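Notes to accompany the following structure.
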Amino acid sequence: MDSGRDFLTLHGLQDDPDLQALLKGSQLLKVKSSSWRRERFYKLQEDCKTIWQESRKVMRSPESQLFSIEDIQEVRMGHRTEGLEKFARDIPEDRCFSIVFKDQRNTLDLIAPSPADVQHWVQGLRKIIDRSGSMDQRQKLQHWIHSCLRKADKNKDNKMNFKEVKDFLKELNVQVDDSYARKIFRECDHSQTDSLEDEEIETFYRMLTQRAEIDRAFAEAAGSAETLSVEKLVTFLQHQQREEEAGPALALSLIERYEPSETAKAQRQMTKDGFLMYLLSADGNAFSLAHRRVYQDMNQPLSHYLVSSSHNTYLLEDQLTGPSSTEAYIRALCKGCRCLELDCWDGPNQEPIIYHGYTFTSKILFCDVLRAIRDYAFKASPYPVILSLENHCSLEQQRVMAHHLRAILGPMLLDQPLDGVTTSLPSPEQLKEKILLKGKKLGGLLPAGGENGPEATDVSDEDEAAEMEDEAVRSQVQHKPKEDKLKLVPELSDMVIYCKSVHFGGFSSPSTSGQAFYEMASFSESRALRLLQESGNSFVRHNVGHLSRIYPAGWRTDSSNYSPVEMWNGGCQIVALNFQTPGPEMDVYLGCFQDNGGCGYVLKPAFLRDPDTTFNSRALTQGPWWAPKKLRVWIISGQQLPKVNKNKNSIVDPKVIVEIHGVGQDVASRQTAVITNNGFNPRWDTEFEFVVAVPDLALVRFMVEDYDSSSKNDFIGQSTIPWNSLKQGYRHVHLLSKNGDLHPSATLFVKISIQD
């Protein structure tokens, strides 16, 4: 019943010195500020899933002193966070490390007694994170159940009495009445000792994890046989799963990958266990495995792609008083974001700073942000990053900005047109591992400066930070008159190549267009919606050859988001959302951009790339986009839905909502009934049907909520899948947390079919 020992043995780490050191624990200095350093004891728990941290706070619960390794985004060595950069410069880098969490909680900055201790912690945690990520769903399930068993075994005798079984079921997030729990307990207690041990616990585990719905699906495929032959598996892959490449080769590869029985594998058979392993794998995911890599044509002009884009990237919270942080840039880049916003203002000591102008948000150095971008720009994707500069700096500090851009970004920075690319926008492929600037520019594509150029020139100032047109917003921030002109130095201007910010002058026919291909306009969400309503097709055509950036309305001081879908339907590429604000809009956004390998660029459908298109999402007509499909979604069951309320006695009452996002007439929502007191294995067996007219623009969102009769339902998890990435047949939908991180074992089991 020792899940940690099982984990170490499974991965050959039982004698690993790093993990042995973590299991023993060590005294570390926790750093919060220049005046706050406290010695605390940290120790890896025996389950190899959690870290215990000593706390001196009075009345702190034991649970609050634990954090899960699953919640760790990364472990950094040295002065690699703002905290250690500011508050631990006096300590050698080889004694410092940081634990960065997936959600927006504070980073844990630590100082170790010696470099060897740092190595143990950094390498040990990385090994657990890497090995946990490589575990299949069955191993994750076993590891999780063993952890719950260990927690429930209060007296640590490796036996389970009836009370401990009840506690165990609560850990699993399932409420069972006493008589049913007692019935299972007696069935497993073969030794009649009023406790379960060894094989009895294994029997109990098997009874608990048996899935009748998998048995039913297996029987559909295998008939009365105990195993699936290659021929029957091919038939299942063709007729149920609708796999395009269904054939003996695919069937054999699935048997080879997922069948745990060596005997069955040798006989080219798949058992029920192998069938479940397949359905829980990436091959059985409702999101297409083929779309987990870059598969689209990346050689088209930038304007032909949707670009993952962040608004006010520097903010971690709201836009009036919240903290600014380089960590916010790192998080956005790690989520595949390719367009970041830098709101630049004069700072002390001739160093430009970034913050939300005229407000009380905290300030960070421009140069520190550039270093973070340099280090993380291409970790999640090799495709270009666009830095959207909101420049409010004096001429002197603009020159400092230009110096930092060259010195810090070096050859990553695109500071001149690509050879031969002077008549249309370059492609993402041509711009691989390049950083582009979006901002004001003097003159045209080629530099206007040089030795004989002017030292500075006026340009119109239409950026959004100066815009804050909503009176309600203005009343909440420091009064600052808007200036119509901004002086711009050539050193900075010359670095803007393919993304020159201009005022939008209206739609023209391509032959008489007043906007050059390298010029782009920004629109507030309200203005963009107005243009889509009044001139929808003109906006679509404009966006075939030009980039358009959309940003949230000025009244969204709480950093709330708008729906990106309408903007995408109009062909707008750089639809900027507040990445720091979780919610349905961000769910749909990240769902769209998990397509094409999560590289941050998604090719628009052909009818949004055609300069002669007649498409208008607000006035649909017949055309290549009109391809009505009937979508049937059968919500069968859920698995290991996480507790929302961490109260020990709390059990979730889950319900599933299926939403369609797309053009107006396709938007729809359906929901299941509520299953009470069962987050471990709820069964719904509920079928929904949707008719989708423009599937190329549709996304399907699966959301699970915890029903509450007296207040708003609590969010449990969700997954949003672009229509063209949705797989048919029996599939598992792997749920994400509100911050977009994968719940390790939480899934929905569904059956999907699409018909003309």
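Note: Cβ is positioned from N, Cα and C throughout, glycine not excepted.
Residues or ranges marked as Ca(2+) 1 binding site in Swiss-Prot (evidence: sequence analysis): D153, N155, D157, K159, E164. There are 12 other Cβ atoms within 10 Å of the Cβ belonging to D157 (Ca(2+) 1 binding site).
Feature annotation from Swiss-Prot assigns domain 'EF-hand 2' to 176-211; the stated evidence is sequence analysis. Only residues 6 or more beyond the boundaries of the domain 'EF-hand 2' (176-211), in the same chain, are considered here, and those with a CB under 8 A from a CB of the stretch are 1, 141, 145, 149, 158-162, 165-166, 169, 276, 637, 680-681, 749.
In this chain, none of the residues that are 6 or more apart from T193 (Ca(2+) 2 binding site) has a CB less than 8 Å from its CB. Residues or ranges marked as Ca(2+) 2 binding site by Swiss-Prot: D189, S191, T193, S195, E200.
Positions annotated as domain 'PI-PLC X-box' by Swiss-Prot, on the basis of sequence analysis: 296-440.
H311 (active site) falls outside any helix or strand according to DSSP and counts as coil. The active site annotation in Swiss-Prot covers H311 (among others) and is backed by sequence analysis.
The Cβ of E341 (Ca(2+) 3 binding site) lies under 8 Å from the Cβ of S310, H311, N312, T313, Y314, S388, E390, A576, each of which sits 6+ residues away along the same chain. According to DSSP, E341 (Ca(2+) 3 binding site) is assigned to a strand segment. Residues or ranges marked as Ca(2+) 3 binding site in Swiss-Prot: N312, E341, D343, E390.
The Cβ neighbour count for H356 (active site), using a 10 Å radius and every protein chain shown, is 26. Residues or ranges marked as active site by Swiss-Prot on the basis of sequence analysis: H356 (among others).
Sequence annotations record features per position, and here Swiss-Prot assigns substrate binding site to K438, K440, S522, R549 based on similarity to another entry. A coil conformation is recorded for K440 (substrate binding site) in the three-state DSSP classification, outside any helix or strand.
According to Swiss-Prot, the feature region 'Disordered' maps to 446-465.
For S460, the entry in Swiss-Prot reads phosphoserine.
Annotation note: I651 (Ca(2+) 4 binding site) sits in a coil segment as assigned by DSSP. As annotated by Swiss-Prot, Ca(2+) 4 binding site applies to I651, D653, N677, with the evidence given as similarity to another entry.
Annotation comment: Swiss-Prot describes D706, Y707, D708 as Ca(2+) 5 binding site. Around the Cβ of D706 (Ca(2+) 5 binding site), the same chain contributes V644, N645, V652, D653, P654, N713, D714, F715, I716, each under 8 angstroms and 6 or more positions distant in sequence.
E200 (Ca(2+) 2 binding site) falls within a helical segment according to DSSP. D343 (Ca(2+) 3 binding site) and S522 (substrate binding site) are 15 Å apart (CA-CA, integer value). In the three-state DSSP classification, S191 (Ca(2+) 2 binding site) falls within coil. Mean pLDDT across the domain 'PI-PLC X-box' (296-440) comes to 92 in this model. Between the C-alpha atoms of N677 (Ca(2+) 4 binding site) and S191 (Ca(2+) 2 binding site), the distance comes to 31 Å. The sparsest Cβ neighbourhood within 10 Å, among the listed binding-site residues (K438, K440, R549), is found at K440. Among the listed recorded positions, namely K159, H311, the Cβ with the most fellow Cβ atoms inside 10 Å is that of H311.
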